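Colleague: What follows is a single structure, and I will ask about it in a moment.
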Amino acid sequence: MEVVVLQDRTDIGRIAADAVSALLNRKPDAVLGLATGSSPLSIYDELVSRYEAGELSFRQARGFTLDEYVGLPADHPERYRTVIDAVFASRVDFADGAVQGPDGLAADIPAACAAYENAIRAAGGVDLQILGIGTDGHIGFNEPGSSLASRTRIKTLTRQTRIDNARFFDDDVDAVPTHCLTQGLGTISEARHIVLVATGRGKAEAVHHLVEGPVSAMWPATVLQHHPHVTVLLDDAAARRLQLVDYYRETYRSKPDWQGI
Ligand code: F6R
C-alpha cells in the first residue's frame with residue numbers, strides 16, 4: 001500500500017488524474033470504478049479540465065459506480081446514478097450507457113446485484129477504482145461487519161453513515177435512505193489499481209485503521225491491505241494519526257518520476 005500525503009484536494013485531484021490519464025493513454029477503453037460523495041470531486045474536476053483542454057477522452061472508456069441508495073425515486077437529485085452524471089460523466093465524452101450503477105429501484109434486488117456483477121465481469125473488470133472512505137471505515141457502502149469476501153448486495157446503512165450523509169439531504173437524517181446496494185469488498189478488491197482518497201480530520205481514525213491497523217471486518221477498508229496495488233492519497237489532517245507518516249513522506253519524495261502511483 002502506497003501512502004501519499006499531499007498539500008490539499010487540488011494536489012490530490014492532480015495526482016489521481018495523472019494515474020487515470022496514464023491509464024487511458026495506454027488503454028483508451030479502460031474500465032473506471034467511480035465513487036460518489038465529496039472525496040473524489042477534485043479528481044473529477046481535474047479530469048473534466050483535461051478533457052476540455054483536449055488532453056483526454058473517455059469516448060471508449062466505461063465506468064461502474066460503487067453503490068446506490070435503495071428506493072430513491074429516479075428523479076431524486078441524490079440518487080448516485082444522477083450524482084455521478086452531474087459531477088463527472090455528463091461533463092466528459094463517455095458514450096451513452098457507458099457508465100452504469102447498481103439499480104436501487106429493482107423489484108428483484110438479488111437479481112439486480114447479480115446482473116451488476118456480471119456487467120463488471122463482462123467489461124473485463126475494473127482497471128482503476130477511485131474510492132473514498134467512510135468515518136466508520138466503510139468503502140463502497142460495506143459497513144463494519146461486512147464479509148471481506150462479499151459481492152454486490154443489499155446492505156443496511158449504519159446510523160453514523162446516515163448522519164454523515166445527511167448533509168446531502170438538507171441535514172435531515174431521516175431523509176437518508178436506510179438501505180443501499182453496494183459492490184462487495186470481494187468485488188472492489190478485484191480492481192487492478194485502487195486509488196483511495198481521504199481528506200480532513202474526520203477521516204483520520206478510519207485512515208489510521210486502513211493503513212496501520214489489523215485487517216478486520218470492523219474496519220472494512222483494511223481488506224485493501226491484501227491488495228497488491230493500492231494508492232492512498234491524503235491531506236495532512238487525514239494523515240495525522242499515522243505512526244509512520246514521516247516514512248511515507250520520505251518514500252514519496254524520493255520516488256523516481258517514471259514510477260507514477
Ligand atoms: C460513495 C461511497 C462511500 C464514500 C464515503 C465517503 O460512492 O462509496 O464509501 O466514498 O462514504 O464519503 P465522502 O467522500 O462524501 O466523505
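Using N, Cα and C of the backbone, Cβ positions are placed for all residues, glycine too.
Automatic, uncurated: that is what TrEMBL annotation is.
Copying in the features that TrEMBL gives for the protein in this structure:
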type	residues	note
ACT_SITE	D67	active site, proton acceptor
ACT_SITE	D136	active site, for ring-opening step
ACT_SITE	H138	active site, proton acceptor
ACT_SITE	E143	active site, for ring-opening step
DOMAIN	16-227	domain 'Glucosamine/galactosamine-6-phosphate isomerase'
SITE	S146	site 'Part of the allosteric site'
SITE	R153	site 'Part of the allosteric site'
SITE	K155	site 'Part of the allosteric site'
SITE	T156	site 'Part of the allosteric site'
Colleague: In whole Å, how far does the CA atom of S146 (site 'Part of the allosteric site') lie from that of K155 (site 'Part of the allosteric site')?
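Modeller: Cα-Cα, rounded: 9 Å.
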Colleague: In sequence order, which same-chain residues at least six apart have a C-beta under 8 angstroms from K155 (site 'Part of the allosteric site')?
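Modeller: For K155 (site 'Part of the allosteric site'), the qualifying residues are F141, N142, E143, S146, H179, C180, L181, T182.
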Colleague: Measure from the Cα of D67 (active site, proton acceptor) to the Cα of every one of the recorded positions D136, H138, R153, T156, then give the nearest.
Modeller: R153
Colleague: Near H138 (active site, proton acceptor), which residues of its chain come within a Cβ-Cβ distance under 8 Å, counting only those 6 or more away in sequence?
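Modeller: In sequence order, the residues whose Cβ lies under 8 Å from that of H138 (active site, proton acceptor) (at least 6 apart) are P144, S146, T158, T161, P220, A221.
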Colleague: Quick test of your reading of the structure: among the recorded positions D67, D136, E143, S146, R153, K155, whose CB sits under 6 A from ligand 1?
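Modeller: From D67, D136, E143, S146, R153, K155, counting a Cβ under 6 Å from ligand 1 as near, the near ones are D67.
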Colleague: Report, in whole Å, the straight Cα-to-Cα distance of D136 (active site, for ring-opening step) from R153 (site 'Part of the allosteric site').
Modeller: 19
Colleague: Need one number: mean pLDDT over the domain 'Glucosamine/galactosamine-6-phosphate isomerase' (16-227).
Modeller: 98
Colleague: Among the active-site residues D67, D136, E143, point out the residue whose Cβ has the most other Cβ atoms within 10 Å, with all shown protein chains included in the count.
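Modeller: The residue with the densest Cβ neighbourhood is D67.
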Colleague: Between the Cα atoms of D136 (active site, for ring-opening step) and T156 (site 'Part of the allosteric site'), what distance do you get, rounded to the nearest Å?
Modeller: 14
Colleague: Specify the count of other C-beta atoms within 10 Å of the C-beta of S146 (site 'Part of the allosteric site').
Modeller: 23
